[in-house]
Structures are given as C-alpha cells and as structure tokens.
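Q: Here's the feature list from TrEMBL:
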DOMAIN    77-203  domain 'Glycosyltransferase RgtA/B/C/D-like'
TRANSMEM  97-115  transmembrane segment
TRANSMEM  127-147  transmembrane segment
TRANSMEM  177-205  transmembrane segment
TRANSMEM  217-238  transmembrane segment
TRANSMEM  268-288  transmembrane segment
TRANSMEM  300-317  transmembrane segment
TRANSMEM  355-374  transmembrane segment
Amino acid sequence: MAIFVPPRRARATSTPLAGLPRRQHMLLALALSLVAAAVMRLPVLGLPLERDEGAYAYVARIWLQGGLPYRDVFDHKPPLIYLLYMPALLVGDPGPVAIRLWNSILFVLQLPLLYAIGRKLWDQTGALLAVVMYAIIGSTFSLQALVLNTEQALVLPALIGLFALVHAVESERLRWAFLYGLALGLVSLIKPTAVPFLVPLVLLGRAPGLPGRIRRLLVAGSGLLLPFIPVVALWGWAGALDELGFALITYNRLYAAQTLGRWSIGEILQIFALISPLLICAIGGGALGGFREIRRRQRLVVALWTLGFLAAALAGLRAYVHYYYPALHGLVLLAVGVVTTLHQPVGEPAPARSRLAQAAAVALLLLVLLLPSVSNSMRQFRKSPIDLAQALYGPEGRDYFAATEQVAAYIRAHTQPGDRIYVWGSEPAIYLLSERQASSRYIYTYPLELVPDAEIELLRELRDNPPAVVVSYRGALPAAIESQATARGLRRATTIGGFDVWVLPRAAAR
C-alpha cells in the first residue's frame, strides 16, 4: 500500500491545529478563552461599584420605573449605556456581582467576533491566539476589565463594526458599509468620542472609483443615523428634547472645557506603560499592513481603527485607564501578527535546535505579553471587596466606593421603602443599593459647579421632596443643606467610611 508522505516544506509548516475542521477550531478557541476569562474574572466579582457605574445603574432603574433620563434624573452620557444596564437590574439584587456578571457576559459575546476578524487577518492559529490573548488581557484587573463603564460597554458594537469593515475591504456589497455605520451609531449612543476618527475608514473599502467610495460613505452615514431616530422620537414624544440636548451637548461642552486644564502627560505615560509590551508588538503587526493585497489592507484598517481609539482616549484629556480599554482588541489583533510570523518557518526545514529556539522565542514573547495581566489578576485572589476597591482605586475606593454598600444597608434599616434620600457627593450607587429614590434629579455634585441655577433647583427639590436620610462626605455638608436638614430634625447619626449619615433621631434608634 502506498503511503502518502507530505513534502518536506508541508511537514515543516503544518501544526496540530491546522488539520482541525473550522467549526471545531473555533469551538476550541472559545473554550480556551472562556476558561481563561473565568479564571481571571470570577475571583473579583465582588469589586464594589464605582461612581459612573452607580449613576448608570440608578438612571437605568428610574427609566425602568417609568422615569426618563435627563428630565427626571440628570446624567450626561448617551442613553444606550442605561439600556445596557437594565438586564443586570432585572435579575437578582442590583449589586456589584450582578453587574460584574453581566459585564462578563457582554465580554464573552465579543469573542466569536474577534475570532472571525482574526481569521480574516491571519489564519486559524492566529485567530485562536487572538481570542485567548484577548480573554486574558481583556480581563486584566488593573485595566478595569470588570468595570462596566462606557468604554467597556461600547466594545461589543465596535467589534461588529470592525467585522463589517474588514468585510467591506474585500467586498463591494453596500450592506457591509451600512452595517459598519449602524455599529458606529450604536457606539455613538454609548460614547461617541472615537466615532469621528472611525467613520472615514469606510473609504478604504472595496469600491469602483471615487463615486463608489462616496456612495459607501453615504450608506455608512445612513446606518450611523438610524439608531438616533428612536432616541429623538422618544424624547420628542415626551417633550424632553431640550433636556436631552442640554445633557448631551451643552453640559458635555462645559465639562470638556473644565477638563482641559487637567491633562497630564506624566499620568498618560504611566497608562501606556501598563500596555507597552502589547503596544510595541502591535506596532510590528501594523507594519504587516498595506494597500495592495486584500489581507494586508484589512490589517491596515485594523491598525487605523486602533489608532482611532487611542486618539479618542488622548482627546478625553484625563489620565483614566478605562479610556484606553476600547483599543485593546485592536492591539491584540495586531500583536498576533508578530507572534504568528515568528512561529512560521522560513525556507527549508530547520534543524531541531533552530526549531527549539524558535519555539522558545514564541513562548518568551507570549510570556512578556500575558504574564503582567495574569500576575496582576492573580494578586487579587481572596481579597475582600474593600481591599479590591483599594487595590484598583486607592484610598478613594476604600473610603467611598467600598463604603456605599454599608451606607446603603444602614439606610435600608432606618427608612421605609417609600422614603426619599439625598447624597451630597458623587456616589449614586447609594441610591441603587439602598433601593431608595433620590430627593433631587441631581444625583451627584458635578453639575452644581457647571449648570446655571442648579444649586437653587437642588434646594427647591429638597424642600419639596424632603429626604428621610442625608448622606455627605465626612464634614462636608454645605450650610444650606445642613440648615434644611436640621430644621426637619435630622441629626448626624453615624459615620461610615468617608460618609456622614444624617437621620431623624427616632429612625436612628431603630
């Protein structure tokens, strides 16, 4: 019987994974990535909610109860972030664990998209490597992977957009341009800062001449505008377009002007240091892109896409690590190119010593890329929620974020479900966790510095909806609010973490 012996070069370039059917290969990639993500994420599900998360969750709850964001409760983020929080509020207690689990479900939904994009850019092995690397790096504790901020929330629609974009590079079908625009529209309704950098990339898609490219841009623009139609219709029907426009445009302009003076190159360099091995490797992967061959152009658009998110993070003017989270998937996809290129043999089969050296080089590179993430997350095992908050946010996390659950428990024990409360501070999580409604639509203090007459409106709302409990930062309750509280008989009953809690004497005795 004749035995087929593959040519020497074929034997050299084959890998154990190359013979797997495509579906089995994808399932293997997803299984490995799920295990990696679970190991990184499960031990830190108790991380307390931070300020933005508390605001998003509380606004989502008010919306579920029939209120309307911006009109009935003030915040300045686009409305899709509140919709994304709703599933976590509908199942079980509306606390950190539910939100962390929902964050992880959204993360898992990203993995098949990342695999599909990796297949377009590289090969099966590259796609598997990209998914596993992203499951680890994208679950890094110090990169705030478990936090469901707008930057983490926008990655899922962003990956849908990138999936459409790499298909648009190889296909003239306008549906890919439309899907790309639609995905960017959804991203805009979570956090729009990167969208102006990303929209022009549709011009790199395959199209017959300049008219074809312009047509693609117009189709993408129509897709981008589509998600805004129900938003405008809903707030217009409620007669609240002015509130919508003020929160999303006027207030954000004022907020950006205030932020301008807080730009710190030193702090931003510290953030880049956290991702420097991945960033350097991604630069090498980006160099494998080009204009002529389709796959090289697909790599080029991924590189430009990633630059768009990095530029948006820098334009945010604040050194917040979560601003850079949306760039991680692009950095991983590009870095994979360097790893797979290093793994591929060149020319005739090399001797065993050379193959061993090549495998060692690949393993060392992966160790440099992944060990910081694994080590950082492993150090958080068996930490209490207070210790987790301090590890991620410093003393502020210990004194304020972690203390919100204790404050909320005290409020539940000393009030009735229908009572209103007021928090002078920036921890809306207290409203959420105590399951009590705020006496004012201003659920944190930032707008009081920027919105004309906001403080007058606040005092009027506190008079019309007197709170049964007032919470403030320790020793920081303004005289006007303290005067109202003491006139109603409220007294400072206890201090929890960094908070003073004011209640009626009879309630404090419960």
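Each residue, glycine too, has its Cβ placed from N, Cα and C.
Since we're looking at a predicted model, the values are computed, not measured.
Situate these features within the shown structure.
A: Taken together, the residues in the domain 'Glycosyltransferase RgtA/B/C/D-like' (77-203) have a mean pLDDT of 95 on the 0 to 100 scale.
Within its own chain, the transmembrane segment (97-115) is flanked in space by residues 26, 29-30, 33-34, 37, 41, 44-47, 49, 53, 57, 84-85, 87-89, 91, 127-128, 130-131, 134-135, 138-139, 145-148, 152-153, 155-156, 159-160, 162-163, 329, 332-333, which lie at least six positions past its ends and keep a Cβ under 8 Å from the stretch.
Distant neighbours of the transmembrane segment (127-147): 17, 25-26, 28-30, 32-34, 36-37, 40-41, 44-45, 47, 50, 53, 100, 103-104, 107, 110-111, 114-119, 274-275, 278, 321-322, 324-325, 328-329, 332-333, 335-336, 339-340, 366, 369-370, 372-374, 376-377, 379-380, 391-392; these residues of the same chain sit at least 6 beyond its ends, with a Cβ under 8 Å from one of its Cβ atoms.
With a threshold of 8 Å between CB atoms, the same-chain residues lying at least 6 positions outside the transmembrane segment (300-317) that come near it are 117, 121, 158, 162, 165-166, 169, 193-194, 197-198, 201, 204, 256, 259-260, 262-263, 268, 282, 285-286, 289-291, 323-324, 326-327, 330-331, 333-334.
Here the transmembrane segment (355-374) has long-range neighbours at 40, 133, 136-137, 139-140, 143, 274, 277-278, 281, 335, 338-339, 342-343, 345, meaning same-chain residues at least 6 beyond its ends whose C-beta is under 8 angstroms from one of its own.
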